[in-house]
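Record features (Swiss-Prot):
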DOMAIN    36-211  domain 'BPL/LPL catalytic'
BINDING   75, 76, 77, 78, 79, 80, 81, 82, 142, 143, 144, 155, 156, 157  substrate binding site
SITE      139  site 'Lowers pKa of active site Cys'
ACT_SITE  173  active site, acyl-thioester intermediate
């Protein structure tokens, strides 16, 4: 666990089911305009069907997207899939203020997922050669971050109770033949709503925050500047 950040609060936003592009732009705007005193935030969201290509993404890993759009992202990593039943958690953390490095944050996120899955009696692990969290050889959680001005954004995508078929249309995270799994395949009946509070509790514990404070989320709050628009999300 990291040194306690009791002097810093963290805000939780529940976004529900949202398209990828406007949420990504809102996250960029938040990061661009935050100050040294802006509280860190966690955003919980399920995205409508989308493939996102990370900065290292290669076109050959998108095999047959079909009717699912492919959007370029500036997060780390390669291509992945988002859809309903998958919990995406975006983590906007001021690393300078927290006095932690990127590797420490990645480890904290991976440990957050490992401990969350343990709560549901699922054994999982991280891999030194491939970011994310795995159950045996199957991937259950993808991870991709970007750091701007010492602050993180993007985050994790945990498969919970979703249609995994679209993963067969890509090489997930750039690995041909990578098999995906999800919480409900290992513990039938577990839902996104079951996992959310455990995931938030474990993340705040890993980084030593006090309890996250739930506040409403509105897209209009993040439409801050006309020059913050970008084609890379």
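Using the three backbone atoms N, Cα and C, a Cβ is placed for every residue, glycine included.
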Rounded to the nearest Å - Cα separation of residue 144 (substrate binding site) and the residue listed as 'active site, acyl-thioester intermediate': 10
Taking the domain 'BPL/LPL catalytic' (36-211) alone, what is its mean pLDDT? 96
Count the Cβ atoms, other than its own, that fall within 10 Å of the Cβ of residue 173 (active site, acyl-thioester intermediate), considering every protein chain shown. 23
Quick tally, other C-beta within 10 angstroms, 79, 156; top of the binding-site residues is 79
Please report how many Å separate the Cα atom of residue 75 (substrate binding site) from that of residue 139 (site 'Lowers pKa of active site Cys'), as a whole number. 19
With residue 139 (site 'Lowers pKa of active site Cys') as the reference Cα, tell me which of the recorded positions 77, 79, 81, 156, 173 is the closest one. 173
Ten-angstrom check, please: count other Cβ atoms within 10 Å of the Cβ of residue 81 (substrate binding site), all chains counted. 26
Excluding its own, the Cβ atoms lying within 10 Å of the Cβ of residue 77 (substrate binding site) add up to 22
Distance check against the residue listed as 'active site, acyl-thioester intermediate' for the binding-site residues 79, 81, 156, keeping those with Cα within 10 Å: 79, 81
Cβ neighbour count (within 10 Å, all chains shown) around residue 75 (substrate binding site): 23
Among all the protein chains here, how many other CB atoms are within 10 A of the CB of residue 139 (site 'Lowers pKa of active site Cys')? 23
